[in-house]
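Asks: Below is a structure I'd like to ask you about.
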């Protein structure tokens, strides 16, 4: 065949001769098979090989039969969404690829939340089975923090003025500052939660004590750690917003600083415990601070300072 | 010439778009039948008023499916109903339109912004919130064969209580403020009623969206509630 552009025609030509074989069931059933992408994929890469196998019929009959037997089309298509393992092969551009980071049930979620707040850093070690990364916490805990920052100030003002005092000050509310708060908390929190892990990942990889650190397999795992560390900012933002009502007093400012420092301590402790928890027993005795931990804590302190100065 | 052939290809398209509506709403049935006989060429030849009327009726019939039924049947559905959920689920993925979300968002941002310069930012951010809700639903339910666009459509239908909320707390209650001459107790009562309306509409729309999309756990409902709370809050405070 000099002009071997369409394999379909070639096979038709070859199948003329198949009639000679008596034991062949019905060769014209097979004639439609090479149209399917499943058949063409393994062979079209090397055209020469394809045609050579098609030329001698004794070889071509066997793979064709083998491929015809299962209802290949439906099975392959139907299998992928149902199997959990099939999702690993999805490309990162698809929505379904990311949906695996959002699959978690309530008990698991509660367990993780309580693990953040109760200083149990050996919590995740015991169950490596469901220690998968989820971005759900990172996205929605951060969203809650942002929403609290946005609504609480205005809400408290509204309640105090309109409901308790009974004075309507519709035009006096400082809406610009509210929206500034919203925008600043969005970029600050989401930027920190989803941006800084890329830096931290590189640092953790290049650390000389890297055997001590937990081996993060992927960026989403680290992002989820950072996202759950944001949990402490929910109560802190509530308290800070309440304190913010009487900002003039110096003691209130000092208390705000103290609370932010508390939040920094708790969340950086959580981050450290998550990053070190690979071999927990060894690291407890050698508390020598490695470079990566220092960098992480410093970045976190920077974030807290920004939080204090920009948002409040 | 080719006119007759074109005519034949357009007409079934029109009938197909019209029949589900005719099946859903009785009023729409007559309407659709008449417009079919009069204009053979789809929506091109009919008057604008007719098209608008048809769209409104269509949106209303969908609202009946998505948002309305939860007043009487909300508790019974949360307790036992799975069969009716399945029926409505078919409808969800079958036909989705973006007309209703567009209309609701325009109305919402019109009410909230008082047609000032805030309108555009409210419009854009409402669409963004819808997109976030749809993405969340799509990500947490990968096994349901509902596309992103139809999730946007569903969430848009569930904005209807928010539109009502914006209407009440931005237009009707301020009118009452003017009538009430800003008396202290008047202000207190009206502010409380504003909050109450917000809470009711928020509960309504959250119940609607969680019922329609069959989300039962807190994991699935909470982000939707957060997004809707943002919109409700904007319409109350702004």
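Even glycines carry a Cβ here, placed using N, Cα and C.
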Asks: Quick one: sort out which of A:94-115, A:182-203 is the transmembrane segment according to TrEMBL.
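Replies: TrEMBL lists transmembrane segment for residues A:182-203.
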Asks: Any idea which of A:223-242, A:243-262, A:263-282 is down as transmembrane segment in TrEMBL?
Replies: A:223-242
Asks: Using a Cβ cut-off under 8 Å, which residues of the same chain at least 6 positions beyond either end of the transmembrane segment (A:223-242) come close to it?
Replies: 101, 112-113, 115-117, 133-135, 137-139, 141-142, 144-145, 148-149, 152-153, 156, 189, 192-194, 196-197, 256, 259-260, 262-263, 266-267, 270-271, 274-275, 307, 312
Asks: Kindly state the mean pLDDT of the domain 'Yip1' (A:119-302) in the predicted structure.
Replies: 78
